[in-house]
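A short worksheet on the structure shown next.
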């Protein structure tokens, strides 16, 4: 598989870091509806438009869940950048790949799982029910412990519910390694893997497979354009035009009744087009956006910490009237608390734990050494 030349001006896709930060915000806004749950059930009188700032934030309140699928696409693009050639050439071993994935994901997952266990237990003691995610038993704890919480063995969402997408991603890593080891030189199989995810259907494993390998296709297209047209990639306006066209396609899909159909259309239209547009923009303006890279650094911590924080906010509101979910100040406080805690967690725990577990050997980069989509993917 061809890779961009070492002379490529792109050292890291900072615009993708910014996109990751925006996606994490979209998930916080989407999950704000949790504050309108009575224990594990959403209130029957819940009105989405009553949430604070709805007139301004309506796209995020209505479609924020799409950010999860955007993360799958970003993961596919990044992993094909960082690991594909190394795995195919056998310079990246199974052991090294697992070590890098474990050190990246597991320490914070374990801490937030135990934290959520304690908070959910306290919520049950106070109110006689769990908050939002009800399946908090030994079976689901063991599934969570093994990062298999949404592999098909579950009865539903449990404990720190948002981790479901990380569990799907762990499954995708296994398929990715096998694909790169045996099928990387056969691009038609990238399309078949994407179609396989679409055939599986659903909005969990099937959609994850679809999006991850769509990200792989984006990387394949990027490499092809860089290697075959030189600087032409950075001068073309096709990516920008694609965003306009796919935006129209997605807008038309919003009139469909099927929520799953909207998600699948977004996964093959506006989401990959946006990623590719930002890749193109980074090639045009290498180095731009560097000061915003911290947004990408914090995304994993914000994703795993926001639900435990919601349990705290909800409990304080029920017991003491603090953090009324209807108040705009509560939305602002929730976002600020989440990102402040995420930044501190990243700097003081997540990053040091990753470095400690990996030891002195640096993680592998792309085969050419030219591209660093994000250190957070490594």
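Glycine is no exception: its Cβ is also placed from the backbone N, Cα and C atoms.
What TrEMBL records for this protein:
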- 12-32: transmembrane segment (TRANSMEM)
- 14-347: domain 'Acyltransferase 3' (DOMAIN)
- 66-84: transmembrane segment (TRANSMEM)
- 105-133: transmembrane segment (TRANSMEM)
- 163-184: transmembrane segment (TRANSMEM)
- 191-216: transmembrane segment (TRANSMEM)
- 236-256: transmembrane segment (TRANSMEM)
- 263-283: transmembrane segment (TRANSMEM)
- 303-322: transmembrane segment (TRANSMEM)
- 329-346: transmembrane segment (TRANSMEM)
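Panel annotation: around the transmembrane segment (12-32), residues 51, 57, 60-61, 63-68, 70-71, 74, 77-78, 162, 274-275, 278-279, 281-282, 287-290, 292-299, 302-303, 306-307, 310, 325, 331, 334-335, 338, 371-376 of the same chain, lying at least six beyond its termini, place a Cβ under 8 Å from a Cβ of the stretch. For the transmembrane segment (66-84), the partner stretch with the most Cβ pairs below 8 Å, chosen from 105-133, 191-216, 236-256, is 191-216. As a quick check, the transmembrane segment (191-216) and the transmembrane segment (263-283) clear the bar of 3 or more Cβ pairs under 8 A, pairs 6 or more apart, so the two touch. In terms of C-beta pairs under 8 Å, the stretch of 105-133, 236-256, 329-346 lying closest in packing to the transmembrane segment (163-184) is 105-133.
Contact count against the transmembrane segment (105-133) (Cβ pairs under 8 Å) is highest for 303-322, out of 236-256, 303-322, 329-346. Listed by sequence, the residues of this chain that lie at least six past the ends of the transmembrane segment (303-322) yet keep a Cβ under 8 A from its Cβ atoms are 24, 27-28, 31, 34-35, 37, 108-109, 112, 115-116, 119-120, 122-123, 126-127, 131-132, 160-163, 166, 330, 333-334, 337-338, 341-342, 345.
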